[in-house]
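Let me begin by presenting the structure, written as structure tokens, before commenting on it.
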Amino acid sequence: MKRVLSRMLVASGLLLGASAFSTTSFAADGAAGPAKPDAAKGGQLFDQGDASRGIIACASCHGAAGNSTIPVNPNLAAQPHEYLVKQLTNFQVKQGAKLPLRNGPGGNPTPMTAMAQNLTPADMQNIALYLAQQPLKEPASAGHEKLVELGQKIWRGGLPERNVPACAACHSANGAGIPGQYPRLSGQFPMYIEEQLKLFRSGDRANDVMHAVADRMSDADIKAVADYAAGLR
């Protein structure tokens, strides 16, 4: 199990490390280079959108300050800045590509592809910084007591018999994630976590490491760990 976990963590580190190095580096004040992210501009774009560029207000789906009230739309407040930038980038269809890296069921683009397509790299950095600074005010909670035991087992220790590593190894024991590397899952809607794990499993959401993990999990495993993660604090 240790060897399997080590290999997966190394692969994950390479994957996410490449993502981190590919994000824009910001120059010090007065030096040449891209401007630093501006949370105030990000908040304005999140709240109001920009009709002149066909950008709809993010808050209309994800709630005030990224605190969603709709389970199919994830909470974005308090997510790591780097993770949010990566996801917004992955929703966009890049020049020469037919589809984005992140799709919905059946490989079809999600509504987020249209929402994110007109965002500039600076827009994404600004929105992500704004959201990373917002508190998660109304986190979701676990809803199925019968799933707790299995969910806790997978979160803390994985499924060694199927080479599924412990979720806590990357997303931390309390589900807060690791800034710059792994997203927060605590307080996220269990329905959303479940859907994303199934998209990783099908390959519709591109991520080699998470595909390898989810591909070894049953629907019952996924539902249990999604519910458990939502209740972590």
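Cβ coordinates are placed from backbone N, Cα and C, and glycine is handled just like the others.
Taken from TrEMBL, the feature signal peptide covers 1-27.
Positions annotated as domain 'Cytochrome c' by TrEMBL: 37-135 (among others). Here the domain 'Cytochrome c' (37-135) returns a mean pLDDT of 97 for the predicted model.
Applying an 8 A CB threshold to same-chain residues 6+ apart, the list for Cys58 (heme c 1 binding site) reads Leu45, Phe46, Asp47, Gly49, Gly66, Leu76, Met115, Ile127. What TrEMBL lists as heme c 1 binding site is Cys58, Cys61, His62, Met112.
Residues or ranges marked as domain 'Cytochrome c' in TrEMBL: 146-233 (among others).
The heme c 2 binding site feature in TrEMBL is assigned to Cys167, Cys170, His171, Met210. In the three-state DSSP scheme, Cys167 (heme c 2 binding site) falls into the coil class. Taking all protein chains in view, 23 other C-beta atoms sit within 10 angstroms of the C-beta of Cys167 (heme c 2 binding site).
Considering only the binding-site residues Cys61, His62, Met112, Met210 (heme c 2 binding site) has Met112 as its nearest partner by CA-CA distance. Considering only the binding-site residues Cys167, Cys170, His171, the residue whose Cα is spatially closest to the Cα of Cys61 (heme c 1 binding site) is His171. Here the domain 'Cytochrome c' (146-233) is broken down by DSSP into helix, strand and coil counts: 51 helix, 5 strand, 32 coil.
The Cβ neighbour count for Cys61 (heme c 1 binding site), using a 10 Å radius and every protein chain shown, is 17.
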